[in-house]
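Database features (TrEMBL):
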COMPBIAS  1-14  compositional bias 'Polar residues'
COMPBIAS  24-42  compositional bias 'Polar residues'
COMPBIAS  371-381  compositional bias 'Basic and acidic residues'
COMPBIAS  531-540  compositional bias 'Basic and acidic residues'
COMPBIAS  548-562  compositional bias 'Basic and acidic residues'
DOMAIN    50-287  domain 'PPM-type phosphatase'
REGION    1-47  region 'Disordered'
REGION    330-404  region 'Disordered'
REGION    531-581  region 'Disordered'
TRANSMEM  140-159  transmembrane segment
TRANSMEM  430-453  transmembrane segment
Amino acid sequence: MAQTPISQQSNAQVPTRPIPKAPEQTSAQRSANTATTATQTLVPPPPALHMYSTTVSDVGTVRANNQDSSFAGEYLVAVCDGMGGHAGGDTASTIAVRSLAHIEQAHAEGDVARATHVMVASVLAAHDAIVGKARRERKLAGMGTTVTAISLAAGYWIITHIGDSRAYLLRNGKLLRLTNDHSYVQHLIDTKRITEAEGRNHPQRNVVMRVLGDFDIDAHPDVGLRRAHAGDRLLLCSDGLYGVLGDATLKETLEHFTDPQECAQHLVAMALRAGSTDNVTAVIADAVVALPHAAAQPDRAQTPLIGGAASQNLAAIADIIDMPVASAPALTEGKSSPAQRAAALNKADSADHGDEPEAPEPQRIAQPSQVREHNDERAADQDTGEIPVVRKSDGRLTADPNDPDVVEAIHHEQLQQKKDARSRRSRHRIIGAIIAAVLVIGAVVGGWCAYAWSQSQYYLAPNDGKVTIYQGVPTNLFGLELSHPVRTTNLKVNELPGEWQDRLASGITVNSYEDAVDHSQFIAEQLEQWKAKQSKDSNKKSSTSSDSSKHESSKSDNKSSDSKSAGATEVTLETITGGRF
């Protein structure tokens with residue numbers, strides 16, 4: 001949810017509703033006061049009712065994870081839209097749903113005041129839990145969530161609301177909005193500064209003024225009461241849905257689809273097709289008259305459904321309410337649209353799942369811990385206590401591991417898991433073979449490029465006692481010589497000075513074949529000059545020795561002359577070539 005609490009808008013000058021000064025009260029006192037005020041005037045209760053509800057929550061086409069959470073039971077429905085980054089939003093909304101879930105089991109028949117008190121206290125308890133966890137874990141700092149929850153007690157809708165999720169009531173062909181957004185844009189609409197239409201595209205439409213969480217914001221929820229009528233239909237939704245669908249569209253859809261699940265599927269799919277960039281969650285609940293003998297029936301009319309982030313750990317909620325709970329059905333309608341397929345493929349790539357998106361996650365159910373301990377270990381999942389959900393012919397959901405239908409579902413799921421495992425192994429083998437082929441091709445191409453480069457190089461070195469021009473480089477790769485002789489000169493290596501021979505033995509590198517030829521000719525010229533110099537010095541030494549025998553009186557001078565002559569014969573390579581060799 002891309003929402004920002006108003007307390008974090010440092011430059012937003014938003015007038016808030018004045019709150020009168022009052023003595024400090026505890027959460028319990030405040031919730032008791034609210035419950036008392038809300039129930040001052042009640043009319044006699046209508047016939048016993050319960051809800052037939054369902055929910056669908058989808059991550060959408062943009063978000064990386066689903067931060068919405070929802071609950072759909074017989075006596076409680078709720079939508080919580082989390083905020084606070086990748087890790088915080090889903091945590092906050094999950095905490096809120098868990099805090100409210102116990103109302104499904106502990107609803108107060110005939111006591112609206114107590115039921116209202118429990119609703120408010122549960123919301124405030126969720127706020128305290130979110131703040132406490134955020135302070136203990138710094139990575140969760142700034143997390144929060146909206147809460148829009150409705151419980152059914154003694155024939156009354158008890159509406160508890162904070163944030164900008166919404167609740168609608170369809171009754172007798174009219175769509176009524178039961179909640180007022182706690183947002184900056186709604187404040188502007190309420191004060192007549194902008195219209196509803198202008199609010200839809202307002203740049204600060206995601207700024208919320210009141211939410212539960214780690215913010216300096218009043219966390220006390222709005223509370224309302226309405227008499228429930230048989231045939232009422234409730235819609236609770238996050239802003240990812242109503243933000244792109246107008247009230248007229250909502251009304252038409254709620255009236256057209258009689259099946260709650262089909263209606264929820266269609267609403268969420270329409271929101272995604274309309275371009276919603278947020279998580280999208282819808283809860284549909286129909287008020288139906290309870291059968292006179294319903295209290296004597298051991299099975300409930302429905303298993304509570306958990307949607308969104310809170311469905312990641314069903315067993316925890318099953319333990320809280322001490323009854324089975326099931327994951328909400330995955331969105332199936334509209335999944336074949338181009339946008340949905342692209343989003344699914346992107347998620348599959350990021351999760352390393354291959355080219356095809358995964359099939360929708362199967363619906364699952366979790367039993368309370370007492371039941372899990374007695375379930376057949378071959379069917380129970382030891383980590384989550386979840387086994388496949390089976391819908392019986394009478395419409396009931398069951399997860400009894402001794403039920404033949406459940407046993408068959410478990411068998412099919414195990415076969416599917418084995419098939420998926422084989423598919424993953426096969427995919428990994430194919431990927432491994434492709435990587436190996438790429439590496440081999442890369443090595444071959446790299447080797448060819450290295451060899452091609454080496455054949456553009458030349459150097460001079462001895463070969464069979466003569467100075468030879470080589471093409472390549474003076475080395476080998478895995479035993480393969482990277483050079484070969486292309487021209488042998490007439491220069492004998494043993495006729496060269498020792499210094500020259502040493503340099504040839506190491507290889508004299510040149511830039512091209514032409515340079516190699518020029519260099520060999522230069523060596524020949526310098527060798528001739530060196531030989532001539534050697535011969536001249538030798539003749540001069542012989543002449544000096546003859547003169548010395550004729551002039552014995554100048555022996556010391558002759559010795560000095562001989563010393564100079566001997567020094568003159570020590571000619572180096574650098575002296576002759578000027579450093580070029």
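Keep in mind that glycine also has a Cβ here, set from the backbone N, Cα and C atoms.
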Intrachain neighbours beyond the transmembrane segment (140-159), with Cβ under 8 angstroms and 6 or more residues off its ends: 1, 3, 5, 8, 38, 42, 45-51, 69, 71, 74-85, 87-89, 91-93, 95-96, 100, 103, 107-112, 115-116, 119, 123, 126, 130, 133-134, 165-167, 169, 178-179, 208, 211-215, 221-228, 232, 234, 236, 238, 285, 287
Secondary structure tally of the compositional bias 'Basic and acidic residues' (531-540) (DSSP, helix then strand then coil): 10 helix, 0 strand, 0 coil
Predicted model, mean pLDDT over the domain 'PPM-type phosphatase' (50-287): 92
